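> One structure coming up, written as structure tokens, with questions to follow.
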Amino acid sequence: MIIYKDIFSNDELLSDAYDAKLVDDVIYEADCAMVNVGGDNIDIGANPSAEGGDDDVEEGAEMVNNVVHSFRLQQTAFDKKSFLTYIKGYMKAVKAKLQETNPEEVPKFEKGAQTYVKKVIGSFKDWEFFTGESMDPDAMVVMLNYREDGTTPFVAIWKHGIVEEKI
């Protein structure tokens, strides 16, 4: 298994269990799901309707995003202006790190990052933002949105802002 860790905070952000797809050469998007946690009935994959039950969330259980829950991501909030301020600083830090470690990737990163940030800004109200467990303000902010179907959530993490660790 491969764990994707933030290059600045070392927080675990995602794993290869979520089948991440590379977009614009700079961002990994991985579909995730809303799942029940808590309560005492763990019928993964069971069909409660066929068992005479119902599909409601059990008492003591809550619906959570599986990636957010598994990697203990912490929700944070931005308005457009504060997001742009954050992302400019973050991109500058990633670019500096790339120039040390992989300078030939810098032009690809700059072009792709600019394209993806425009996409985020264009639909800003639809995005949710999360920090890693350490809540490091200089680290990556994981972005969450929904696919065109409106029901499938996905997270987006910056390819050049992570290190892959095999476990």
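Using the three backbone atoms N, Cα and C, a Cβ is placed for every residue, glycine included.
Straight out of Swiss-Prot:
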- 1-167: domain 'TCTP' (DOMAIN)
- SER9: phosphoserine (MOD_RES)
- SER15: phosphoserine (MOD_RES)
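What's the neighbourhood like for these features in this structure?
In the three-state DSSP scheme, SER9 (phosphoserine) is classed as coil.
Reduced to three states, the DSSP call for SER15 (phosphoserine) is strand.
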> For SER15 (phosphoserine), which residues of its chain lie six or more apart in sequence with Cβ-Cβ distance below 8 Å?
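Once residues fewer than 6 apart are set aside, SER15 (phosphoserine) is near MET1, ILE2, ILE3, TYR4.
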